[in-house]
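Engineer: Submitted below is the structure of interest, expressed as structure tokens.
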Amino acid sequence: MYPLIKKALFNLDAENAHQLAIQSLKLFGKTPFSLACSLPDNPTEVMGLRFKNPIGLAAGADKNGEAIDGFAKLGFGFIEVGTVTPVAQDGNPRPRQFRILEAEGIINRNGFNNLGVDVLIENVKKAKYNGILGINIGKNATTPIEHSLDDYQICLRKVYPHASYVTVNISSPNTKNLRSLQYGEALDDLLRSLKAEQAQLSQKFGGYKPLVLKIAPDLTAEEIASVADSLVHHQIDAVIAGNTTLSRDSVAGLPFADQQGGLSGKPLNALSTQLISQLSQELNGKLPIIGSGGIHSVQSGQEKINAGASLLQLYSAMIYQGPDLVRQLVRKISI
């Protein structure tokens, strides 16, 4: 079935195809049908949360939380929506998504296009899904980098009562200077302030919601060690490793490989697994790792678990392989 759907979708511009898929999943979420009902439970506990299985939807697929119920019916053990910013923004000019067909990769320079945090919250409230929901937050492009904390605090305060956990995205390559927040004092200042905000919100709402940091796969070994120290020092609850890459080594010479933006999909797999392995050595079990980036098979997912990940997230591979990949991973990944 999916090969026919894929053929139709791939006749469209990548972003138009994505929007059509979201609208289709939105409709699917309102039907009585589900692809998840025959799946066995493979429960695991991470960050004090119980996941029905370790396979999650990565942020970026459903930026505005429009199709939560539809994605849930594909069999995911958890869903992460966003990245969302304090106010709506258009993102970068189109075209901004490019398929690297030969490598099953995608380059995007979306730039956090979204309808704003308030719209996302309304969509979350409408959803019937009652599983683990992560909300991924970012900064507006017009906010100076020195005022980034303001945007993250605004989003954290608004999404806190509606999320199972909150992910702080400081690793998109498509928002100017955003990745500079991953380093040294800038990272420490951000994490210190957000942990203080988390403590206040925990008291206000009578419940603790884990705080997760999403990092880039392009960090050096020294930078990974520094990030790990900051994560432990500030008692961050988990880390997502990782975001898209600026490297083109795995797709050099292929059509559209020279397009600006972050590369995801199969070509990212080895780099993200290496990041997980290095992080795992540095963290030594002090906080969990959520493996994301390039998962395209049971083997590639299991390699990330074996490298130190406790949970997995995917998105790009579904574009090439369809939703059956989710069910394969749920059935066969061993924690």
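Cβ coordinates come from backbone N, Cα and C, glycine included.
Since this is a predicted model, take the numbers as computed values, not measurements.
Relevant sequence annotations retrieved from Swiss-Prot are reproduced here:
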- S172: active site, nucleophile (ACT_SITE)
- A59, G60, A61, D62, K63, T83, N136, N169, K214, G242, G265, G294, Y315, S316: FMN binding site (BINDING)
- K63, N108, R109, N110, G111, F112, N169, N174, N243, T244: substrate binding site (BINDING)
Engineer: About how far apart, in whole Å, are the alpha carbons (Cα) of N136 (FMN binding site) and N243 (substrate binding site)?
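Structural biologist: Counting only the Cα atoms, the answer is 12 Å.
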Engineer: Other than its own, how many Cβ atoms are within 10 Å of the Cβ belonging to the residue listed as 'active site, nucleophile'?
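Structural biologist: 25, counting other Cβ atoms within 10 Å of the residue listed as 'active site, nucleophile'.
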Engineer: Quick check for the class: what is the C-alpha distance, in angstrom and rounded, between the residue listed as 'active site, nucleophile' and A61 (FMN binding site)?
Structural biologist: 14
Engineer: For G111 (substrate binding site), which residues of its chain lie six or more apart in sequence with Cβ-Cβ distance below 8 Å?
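Structural biologist: Counting only residues 6 or more apart in sequence, the Cβ neighbours of G111 (substrate binding site) under 8 Å are Q89, G91, N92, R96, A141, S172, N174, T175.
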Engineer: Can you give me the same-chain residues 6 or more apart in sequence from N169 (substrate binding site) with a CB-CB distance under 8 Å?
Structural biologist: A59, G82, T83, N136, I137, G138, K214, N243
Engineer: Over all shown protein chains, what is the count of other CB atoms within 10 A of the CB belonging to K214 (FMN binding site)?
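Structural biologist: For K214 (FMN binding site), the count of other Cβ atoms within 10 Å is 27.
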Engineer: Write out the long-range same-chain contacts of K63 (FMN binding site), meaning residues 6 or more apart in sequence whose Cβ is under 8 Å from its Cβ.
Structural biologist: V81, G82, T83, V84, N113, N114, L115, L120
Engineer: Other than its own, how many Cβ atoms are within 10 Å of the Cβ belonging to A59 (FMN binding site)?
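Structural biologist: 27, counting other Cβ atoms within 10 Å of A59 (FMN binding site).
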Engineer: Using an 8 Å cut-off from the Cβ centroid of K63, N108, R109, N110, G111, F112, N169, N174, N243, T244, can you name the remaining same-chain residues around the substrate site, in sequence order?
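Structural biologist: Near the substrate site, the remaining chain residues are G60, T83, G91, S172, P173, T175, G261, G262.
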Engineer: From the Cα of A61 (FMN binding site) across to the Cα of R109 (substrate binding site), what is the distance in angstrom?
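Structural biologist: Between the alpha carbons of R109 (substrate binding site) and A61 (FMN binding site) there are 14 Å.
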Engineer: According to DSSP, which of helix, strand or coil covers N136 (FMN binding site)?
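Structural biologist: It is in a strand.
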Engineer: Check the DSSP secondary structure of N169 (substrate binding site), expressed as helix, strand or coil.
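Structural biologist: Assignment for N169 (substrate binding site) reads strand.
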Engineer: When you measure from the Cβ of Y315 (FMN binding site), which residues in the chain that are at least 6 apart have a Cβ under 8 Å away?
Structural biologist: L57, A58, G60, A61, S264
Engineer: Who sits close to G265 (FMN binding site): which same-chain residues at least 6 apart have their Cβ under 8 Å from its Cβ?
Structural biologist: I100, A103, E104, G105, I106, G294, H296, S316, A317, I319, Y320
